[in-house]
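J.: Got a structure here, written out as structure tokens. Questions coming.
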């Protein structure tokens, strides 16, 4: 009893202590963080300048805007830069920079939606005042900048994008007023491969997004890995479409789980479904060493996927100097100290729905230590250091300030137009005087007939040629093992394509081949077990055994076409295929001749010795010997070999077995076709003979299927490209072999197993007494 009382009072005192040390306002902050932490926010920082001291009261317009914890560092990096600039007498003396921040909460699944009100959408159109913004800074979602660009273009406002570098934004024709602060990741693949080599890893996985950045990164990474003998265990491409990415989730999950690679490189647009896929993998206990870039510092709702990984994380970031003032600024900031200069009251309102300015109505903030509120809010797994985007924003503010400062030092001529508004001519910027606009990368200069050399037109580069600089006279042809991207600005590594067992088509064909091998073996066992029955004996059981064994080899030879070819495999492909099918076709010819002789020879003597001596069986030996001679000549003169076709399919290197001598191949195929045609003709002539034990009709129909498949093969084979050609050849082998098996042996197995009454000696003697002579 005493122990229970002690435990009760101990817990009660602990609760009171925690309640006093951790005020309720922090719980309110936590709830807000958890609610907004799984959503993205994009922000517009509109910069303007005014003379003298400015009281920033614009925060009162935006109290309904949500600011997630992920955005706090972005906002405060802007505040820090503005505070330093406005207090620096050497930069823009007697002029203050003012920022208007518009942060819009992105709904789940939304990538480029603009949720601003109409009057906030175009920053230069305000009815309340005539504020003219100098420039607009955007971050961190690049797709939003593409939508905002046309509106800023109409307002004649330049835009600085401070997020991760994206190639589409560098197109000056589409975005003439947009500039990216972040440098391009030109050396990132080399750096990552160097890291892998440093730790002596040579078996890694790669996860990318299915966009231009991801594909280009993968191409450059493959080139670097080949130089350093590093192999890619698995390459997972996450689709940018949410629905498709979620449909492929289980397939990609199985790939990463089955892969033995313990190191995985992650690269792509973090606003794509890749962040959700990785978050699910973490929750399902997938632990790897993740190698990524700093743009993935917000990969999960709490930004902790990479950083809390059990195995470890390596993040690549652009080199930047440490801003010691930023951490001090965050630790010491108080709304009461800076509310006259910066709109911290907006953030205060966002979290607590109250005003921190006198008279304060923050009932929720009772007992809140305001000195440490912001320090608590800005704690992240990376500590309080600046991210790349924050650092870019900080530098962008300084770049704007220095540019404005430099511009104001120039001599500026001004005059007034009829409306009385002052116009100015900026002589600091050199006016362009050119005949033709420069040709961007991907285009080449073409001189115009009858005009000066300075006047030219820009034409796209021809196929498989690129131009990676402005105003190139000639495009550069890509190497044989590379191809040009869609913009003709970069040569990408071609993908090696073969009909592999890991390919779904290869798996399906191999599965069918193995299934038919098992079925044929089963039929052979049935015939051996019932070898004394009339159906088996009446149709010459020896020939039936030979036919079934040759069909098994026909199915097995199709497996030689699947997988990476070698010289030995290429030789075995054609020789095994030709000999197996020749044996099968000649066996059917022998069976048809046997049936015809059995029913047509009515007088003992002259031709009866052919049946008694088993002459039809020699047909198999003769036909096979002729085919062996043809194959020997083929392999002796111009045998098949492994060939890499670099031009058949764009962007792919097709590894196939070259036939060597095409004439020899068609001789072999034509000889096999002539045997099949002879078998079909003889079987067709014997189709009307008594059919209780006569298989003439079955042989006729089987050869009709066989000939139809191979007649169709030739036009279909030459109308396809790449590994599809190999798949067509394998399909024809399986289809023709399966046709022979089913058409000839399926009815017999049906009678043997399910209708034993038709497989009796009484029925045999009653209807076909003549056939006893050949048993």
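Note: Cβ is positioned from N, Cα and C throughout, glycine not excepted.
Automatic, uncurated: that is what TrEMBL annotation is.
So TrEMBL has the following annotated:
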type: SIGNAL; residues: 1-18; note: signal peptide
type: DOMAIN; residues: 505-768; note: domain 'G-protein coupled receptors family 3 profile'
type: TRANSMEM; residues: 508-530; note: transmembrane segment
type: TRANSMEM; residues: 542-563; note: transmembrane segment
type: TRANSMEM; residues: 575-599; note: transmembrane segment
type: TRANSMEM; residues: 619-642; note: transmembrane segment
type: TRANSMEM; residues: 662-686; note: transmembrane segment
type: TRANSMEM; residues: 698-718; note: transmembrane segment
type: TRANSMEM; residues: 724-746; note: transmembrane segment
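Show me how these features fit into the structure around them.
T.: Outside the transmembrane segment (508-530) by six or more residues, the chain places 499, 501, 536, 541, 544-545, 548-549, 551-552, 555-556, 558-559, 562, 727, 730-731, 734, 737-738, 741, 745, 749, 752-753, 759 with a CB less than 8 A from a CB of the stretch.
If one looks beyond the transmembrane segment (542-563) by at least 6 residues along the same chain, the residues whose Cβ comes under 8 Å of a Cβ in the stretch are 498-501, 506, 509-510, 513-514, 516-517, 520-521, 523-524, 527-528, 536, 569, 572-573, 576-577, 580-581, 583-584, 587-588, 590-591, 594, 616-617, 620, 657, 726, 729-730, 733-734, 736-737, 740-741, 744-745.
Tertiary proximity for the transmembrane segment (619-642) is limited to same-chain residues at least six positions away from its ends with a CB under 8 Å from its CB atoms, namely 543, 546, 565-567, 570-571, 573-575, 578-579, 582-583, 585-587, 589-590, 593, 655-661, 664-665, 667-668, 671-672, 675.
Packing against the transmembrane segment (662-686) from elsewhere in the chain are residues 574, 578, 581-582, 585-586, 588-589, 592-593, 595-596, 599, 623, 626-627, 630-631, 633-634, 637-638, 694, 696-697, 699-700, 703-704, 706-707, 710: each is 6 or more residues past its ends and has a CB under 8 Å from a CB in it.
Proximity of distant same-chain residues to the transmembrane segment (698-718), defined by a Cβ-Cβ separation under 8 Å and at least 6 residues beyond the stretch ends, is recorded for 585, 588, 591-592, 595, 669, 673, 676-677, 679-680, 683-684, 686-687, 725, 728-729, 732, 735-736, 739-740, 743-744, 747.
If you look at the transmembrane segment (724-746), the same-chain residues 6 or more away from its ends with a CB under 8 A from one of its CBs are 499, 505-506, 509, 512-513, 516, 519-520, 523, 544, 547-548, 551, 554-555, 557-558, 561-562, 577, 581, 584, 588, 656, 695, 698-699, 701-702, 705-706, 709-710, 712-713, 716-717.
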